[in-house]
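Report on one structure; see the data block that follows.
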Amino acid sequence: MDKWGALQWSKVVHGKQGWRFITCLWLHGGLIHLFANVLSFFFIGIRHEQQFGYVRVGVIYLLSGFGGSILSSLFMQHTTTVGASGALFGLIGAICSEFLTNWTIYTYKVTAVITFIAIIVLNLAVGVLPHIDNFANIGGFFTGFLLGFVLLFRPQSGWIKPQHRPAGAAVIPKHKPYQYVFCVIAVLLLIVGFGMGLFLVFKGENGNKHCSWCHHLTCAPTSKWPCGY
């Protein structure tokens, strides 16, 4: 795994091998790990790929994985990380923001909100088990959440293309003002987040020194397993 590009903080910082932020997404810790990620991507990504195209979904996938790798490098500096979970969580985050920014076109809003909350809580809860890098999941989720506001907003309900609009029909703006506001804020947060994250990683900062409880987010110790903080 080390030779093939697994994410290792020491290799990234001291070896100047920043490409490991991305190459780790294509490595898996066995057939079960690979199968689980492929199956998850099939259920999570296929709908949005059909609606928004593979380019936008692919950009979200890669940048979310990149964001997850950055957060992982800040908190998991003594482990080797592989897998596409951060990228998959990014797709989940993008689904949530797509729902918020395209709120007006959805009918069953309450059901959708409950479903999203259940999916997020369940997946993050699984992340506190040993040998799972929940920081990559969290970083990927928030990166994808912000990217969804930028790449996945759609025309509001009732908008008609000018060439198809009947004579005398009311003109409805293509997008709501809040969609543009969300987009601008998300772009700014992404720039600041990526910039600060990379700066802190290559500076050698350890996030656990500034957050005494954060290590519990990736492993909750019980009588059944140690965490080895």
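Placement of Cβ uses the backbone N, Cα and C atoms for every residue, glycine included.
Annotation source TrEMBL lists domain 'Peptidase S54 rhomboid' at 16-152. For the domain 'Peptidase S54 rhomboid' (16-152), the predicted model reports an average pLDDT of 84.
Look at TrEMBL and you will find 25-46 (among others) tagged as transmembrane segment. Remote same-chain residues near the transmembrane segment (25-46) are listed as 1, 4-6, 57, 61-62, 65, 69, 82-88, 91-92, 95 (criterion: CB distance under 8 Å, separation of at least six residues from the stretch ends).
The transmembrane segment annotation in TrEMBL covers 58-76 (among others).
Outside the transmembrane segment (82-103), and at least 6 residues removed from its termini, the chain residues within Cβ reach (under 8 Å) are 1, 6-7, 24-29, 33, 37, 40-41, 44-45, 48, 57, 60-65, 67-69, 72, 109, 112-113, 116, 119-120, 123, 132-133, 136-149, 151-154, 156, 178-179, 182-183, 186. Here TrEMBL flags 82-103 (among others) as transmembrane segment.
According to TrEMBL, the feature transmembrane segment maps to 110-129 (among others).
Within the same chain, residues 48, 52, 56, 59-60, 63-72, 74-76, 81, 83, 85-98, 100-102, 120, 123-124, 127, 175, 179, 182-183, 185-187, 189-190, 193, 217-218 sit at least 6 positions outside the transmembrane segment (135-153) and bring their C-beta atoms closer than 8 Å to a C-beta of that stretch. Residues or ranges marked as transmembrane segment in TrEMBL: 135-153 (among others).
With a cut-off of 8 Å between Cβ atoms, the residues of this chain six or more beyond the transmembrane segment (180-202) that come close are 9, 12-13, 66-67, 70-71, 73-74, 97, 100-101, 142-143, 146-150, 153. What TrEMBL records for 180-202 (among others) is transmembrane segment.
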